[in-house]
């Protein structure tokens, strides 16, 4: 056996990708375990040489003290921010301020608002990305922080000497500008100088400094309140802020620069010295990574605004904007701004408000400390999750106390309720302080690549300040109208915080360069990890002695390319095949295991059969629409009042009960345990048929009702049936439909809902005055039995779900069903279904604990959000309250009825484009444009409300009414083609077979719960805010847009491919899951691919691996440059491919083992005629680990 590769070619021609003879084989490391994107010694040296960096001494001589000192000085920016936020409330209430600035007059409401808000406006201007970008370009990160401190001193001095309101406002604007500059640069500066294992804690120090600043400002205002001579106490409060500002300016001169900024400026040697001053260990590799990322970004040219607002950068921007907006909207600053007022009213004492100010400040400071220690141990997202859960629970407790104890009489429950409220508010502050308070700054400072970091952090900081302005404006209005019920809003926003935290990848213990790579992989889950392009060894274990696929030059130069000549092409990124295609052998193997007879697998059905089954399934949507649409018309009929209520009108309570019990029944049926039991017992098709039968029963009970109790019972039963149908019909359709039609056919469910609503409207309108022989309302309800019976009868002829049949072990029946639904050969599709079922069966029975953990929990959170947002976007507010809006707008009852008909017609026709576009443009594309359209329409309506419908509805004339009408129709159009149907489509596709029933049940339940909420809240909002209610829908549609932008696309994929895609999307740092199922994808899934072989065997030549026509694995291994004897044969051995070179007797046989993630493992042994013989006597069994 040859011992040295060089013995074949000579050491001077040894391929550069081969190890030397004394290389020690290393264990392959799975991609997911390769946490550090480590560069080899040669790569580091190469990068340093290119950068012109002298490597004489690269050992660090600084360490922890230097890093902490720099971070502390940087955190003074947070102290200034806290001081300027905290002092204003105390100063405005001082008599000396009123005397010196206003001539003894109190501030008017407008002056009060201006003095408070101009600070935030100045900060938002400074954080505006072009301004932020210009400041860093001109001054650098460190220089921008120092400049911010200097500007702050100027602004504070102007305020301290102000003798009129104009100078005070000007100083507030300048101070706000400086704080905007500081809040966008200081956290990023700290993140760029900090080592990965300390970065979270040091950046969280910025938030800690904010809390300290707020507390100091409170105390200063309290202590100096009554000082009059020689200057008013308010002047001392503001002047004292100059001290930390000056300290930041002076101390900043001694702070080290940002190594990443220095590299970007071409000052590589200075960057080396800075890193040495900040680290104890050797800094070569860290600097090489920074230089390497800068080189890659420089090669792409100058970063433009167009580039920043497109592609991955746009997605990261949306995520960052959401994080910072949610940090404000979670409710913390509502306590900071309105907490004193709440406590003054609660305890009926002015001192209670002041005491709360001090206590909340102290709690905020001390609760931030755990975050400093936990952020780099538990991780950013973990703290954000628990923080959101804590705030959500505290908000729910406060809202419940408001409903029970603080409705009309504040002492209804006694003093204990006040103290429970106090402790709960403190608990809320604690949960905010250790989690979202600091983590938002940490995460946004880390997530953007160097190329767009300044723009990205500027934009997200701007979002924080805009959110601050919103939260200063809205809560007082909400508290004055709703009292403690306002906290239900914060329950909702903290649910969004939780969803956001669950969805985000973790960044702890990663360098900024590794985070950039991680986000690329997270945003492109169906590609091989991005690091493969930069260092392909990571994919195959990040070791020296391992096989690595790389594309060699074609033609006669291929052999020379193997030895490092100029013909070598740069390896291209490997992309996964879109289809998870199985080879012919794999299909046959799966079919054989499943006991499926393959005599004839050609389809004999096709489009007609699939569409017919989908149409019958969509009758479920028609029933849902009919039952949603008829109730408003029936309740207003005189015959209904006469037959059911003895001629009396419905009371408000009865009205609410009759309407809402339908949704409650639906929510019960969609409750996952109920949904799971129904599918387990009846199957998907059986559950749809049963739903139709129950609907007929419920409708019959309502149609013959002679009292309210029977009417309500029928509504509950009909609601239960609709809940069962809405959870099963879309999934049934998705399981029988081919991938290229699935979106359109599932959207048919939403189309049927719109038709049902419209039919119910028209029936109620036509039959309103019918009295004999039965009241018209009975005919309206009885007519619904017809489509229900049609669903039951037609359902008997519908094909079963192939996936359900496989799950029941009826594989042969599943084959015949697929043949009836397809024209093409169905072997591969059936094999994929069977293969997924086998994998899930091997994992044991699916438990609720499993469903509520891991990937399933994440998918559940996404699905719940989609269905809740479909309700909260505002469409059903028009359905339920649109007639009332139009009656008031046009001062006519007929206007309300006309709107009902027009909106129904628009809804139907606008759903049709979605049917045709969903499988062409994709689900997420329609959801994006739909959300944008609804958001713009909501903004137009809200603006009309502010301008034209404030006090006098005719302030702008009739044109405003018609603009409002057209805009509402535009809103309906945008909902109908997008979110209306796509929510059902996406949730029916996203869950794996193992958890599909539970997942769709839970998401359907969320839809019905959202329906109940949207039936309850908008009437209250419209009565208090009028058209300003549409600003709420602007916000919810921004969340819809964010959701749509973040989701992966599912069109043209089978359900099994979607399951795989979501696995890869949720685990971006692992090798793609398809690698395990079809390892040839890793090597390109092509017939001919060249690969330099650096296996731990004695053969060292560039071999061309030839695959058979199906890509089933290597059948031949050729030597390079016609080298004699490098010819061999390949054969399959389990999940491995045995390649036996035949040119040398006694040569090694190589085995590519794809049984685990991370690429091929290798075996080494001596060929003894019938296999590899290892030293311990085993054959073909040992993998080097």
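Please read every residue number as a count from 1 along the shown chain.
Positions of Cβ are set from backbone N, Cα and C atoms, glycine also.
According to TrEMBL, the transmembrane segment annotation covers 64-90 (among others).
According to TrEMBL, the domain 'Major facilitator superfamily (MFS) profile' annotation covers 70-509 (among others).
Counting only same-chain residues 6+ beyond the ends of the transmembrane segment (110-132), those with a CB under 8 A from a CB of the stretch are 84-85, 88, 92, 102, 165, 168-169, 172-181, 183-185, 305, 308, 454-459, 461-462, 464-466, 468-469, 472. Marked as transmembrane segment by TrEMBL: 110-132 (among others).
Under the heading transmembrane segment, TrEMBL lists 236-255 (among others).
Residues or ranges marked as transmembrane segment in TrEMBL: 355-375 (among others). Tertiary proximity for the transmembrane segment (355-375) is limited to same-chain residues at least six positions away from its ends with a CB under 8 Å from its CB atoms, namely 86, 89, 200-201, 204-205, 207-208, 211-212, 214-215, 218-219, 222, 335-336, 339-340, 342-343, 383, 422, 425-426, 429-435, 437-439, 442, 508.
Per TrEMBL, transmembrane segment is recorded for 463-480 (among others). Proximity of distant same-chain residues to the transmembrane segment (463-480), defined by a Cβ-Cβ separation under 8 Å and at least 6 residues beyond the stretch ends, is recorded for 116-117, 120-121, 123-124, 127, 180, 183, 320-321, 324-325, 327-329, 333-334, 337-338, 341-342, 440, 486, 489, 1025.
Annotation source TrEMBL lists transmembrane segment at 607-633 (among others).
Residues or ranges marked as domain 'Major facilitator superfamily (MFS) profile' by TrEMBL: 613-1052 (among others).
Nonlocal intrachain contacts for the transmembrane segment (653-675), taken as residues 6+ away from its ends with a CB within less than 8 angstroms of a stretch CB, comprise 627-628, 631, 635, 645, 708, 711-712, 715-724, 726-728, 848, 851, 997-1002, 1004-1005, 1007-1009, 1011-1012, 1015. Under the heading transmembrane segment, TrEMBL lists 653-675 (among others).
Annotated transmembrane segment per TrEMBL: 745-767 (among others), in sequence order.
If you look up TrEMBL, you'll see 898-918 (among others) marked as transmembrane segment.
According to TrEMBL, the transmembrane segment annotation covers 930-950 (among others). Long-range neighbours of the transmembrane segment (930-950) within the same chain, counting only residues 6 or more positions beyond its ends whose Cβ lies under 8 Å from a Cβ of the stretch, are 873-875, 889, 956, 960, 963-964, 967-968, 970-971, 973-975, 977-980, 982, 1026-1031, 1033-1034, 1037-1038, 1040-1041, 1043-1044.
According to TrEMBL, the transmembrane segment annotation covers 962-986 (among others).
The annotation transmembrane segment is assigned in TrEMBL to 1006-1023 (among others).
Contact between the transmembrane segment (962-986) and the transmembrane segment (745-767) is supported: at least 3 Cβ pairs lie under 8 Å, counting only residues 6 or more apart in sequence.
Tertiary neighbourhood of the transmembrane segment (898-918): same-chain residues 629, 632, 743-744, 747-748, 750-751, 754-755, 757-758, 761-762, 765, 878-879, 882-883, 885-886, 926, 965, 968-969, 972-978, 980-982, 985, 1051, selected by CB-CB distance under 8 Å and a gap of 6+ residues from either end.
Taking every listed stretch (64-90, 607-633, 745-767, 1006-1023) in turn, the largest tally of C-beta pairs under 8 A with the transmembrane segment (236-255) is reached by 64-90.
Counting Cβ pairs under 8 Å to the transmembrane segment (607-633), the stretch among 64-90, 745-767, 1006-1023 with the most such contacts is 745-767. The average pLDDT computed for the domain 'Major facilitator superfamily (MFS) profile' (613-1052) is 83.
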